[in-house]
């Protein structure tokens, strides 16, 4: 409060209100958008620090990617619209009794199951409870899966079709005809069981997949009057009985590469490295990475670009380079064409390099995490060669044994090499390995936003390339099945179906599901292929797959 006298002898009292901006507060923050225009998106204060008597605020922009999080000064905050964090409500009481746990539908279901089974059979004590617990948990899991991964249907809604393959990317939109306009495609459900009934059956852990057999959805193509426009027919048929017949398995939210977001805290939500120097590049990390705590306060973290060892100063790096003999990633070079090479690295044999690679990758990957458990994984590092050595461009990792048909666990193109075709080259190489192995593969979910865009683009171009190359024989309409497309490309059948839905090629015509390749799609595909200069040459690949089921080869 401050007093000030005016000319007529009256005293005016001014009240100065000091707002204490704490962690958890939300308010608009000034930032520049892609058009370099000012905007005021709502942001949350994650941390506050004092530097020379001046506060700095670490903010996360609501509904924006975490890589845009940053430290801001007080002049960029709109204090007039400050929202204080809501206080957490006290733990509710069950039946009004203090100390009781709140009622939970899942616990009630488990309790009712226990009582029902006990009253029906009344088995001996000590043998029933573990079994009942597992059954109750499986029922709960099946209920959760039905809401997270709906059964895909070719003419289904956009949300359902996308969630079947990309459960974490339900916000993305693409145009698909509504379910009301079409009849459901029954060929995606088998054995006479409805899709909903099959989906409620809990998954059986440890069950091995059977090889794809029998016929599947038939695709017929014939040329219209326009030589650049064609139509593909989808006819229902018998389907295979394996778990890949249109029923996508739920992503492993507790796998070694999918981060458990329930343990996020204020530390892991904030970038802890300001800058990384890797060879001739300086990189600004996007996300948190668990480098040693003493290195997080450095203005620049130095990495050896050949062994990826992290050092605290330029002098330490220079001293290290005099002793480091590596000029390429450790492991076997299995591909070389021009200046592009791929190296296969065993996570068990080259553990130090693999761990350093994961620490670097975590700076640019948010959904995946792999720190020190590298033994079950193979790493394929793409490099660019010059007179100084083989410089890392990007990499992808894959499990030695995958029960979910994953051919990629993590995939990353370093920021200096992005938007130059290297990401699609990594994806193409992963499918070339799957072709040599004689398998179909799919990336581990969830995909990041940039990874989703790259995979969609690759799948679209690959499938359209096959459809446009089909030629009629003996005057008959060319035919191809979805399984044949999957076998030719090694792209899993669910990804083929989701790509056709994303391209909005599916229509219903005279009782049949058809794919219509319009003039715009054909021209857009040709333009995209003209820009795609980097391709994998299978003749340059020297790769022999191993049977990792034998533990002796680990």
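Every residue gets a Cβ built from N, Cα and C, even glycine.
Annotated by TrEMBL as region 'Disordered', the relevant range among 52-83, 148-179, 180-211, 212-243 is 180-211. Using a 10 Å Cβ-Cβ cutoff, residue 444 (active site, proton donor/acceptor) registers 24 neighbours. Mean model confidence for the domain 'MYST-type HAT' (268-545) is a pLDDT of 91.
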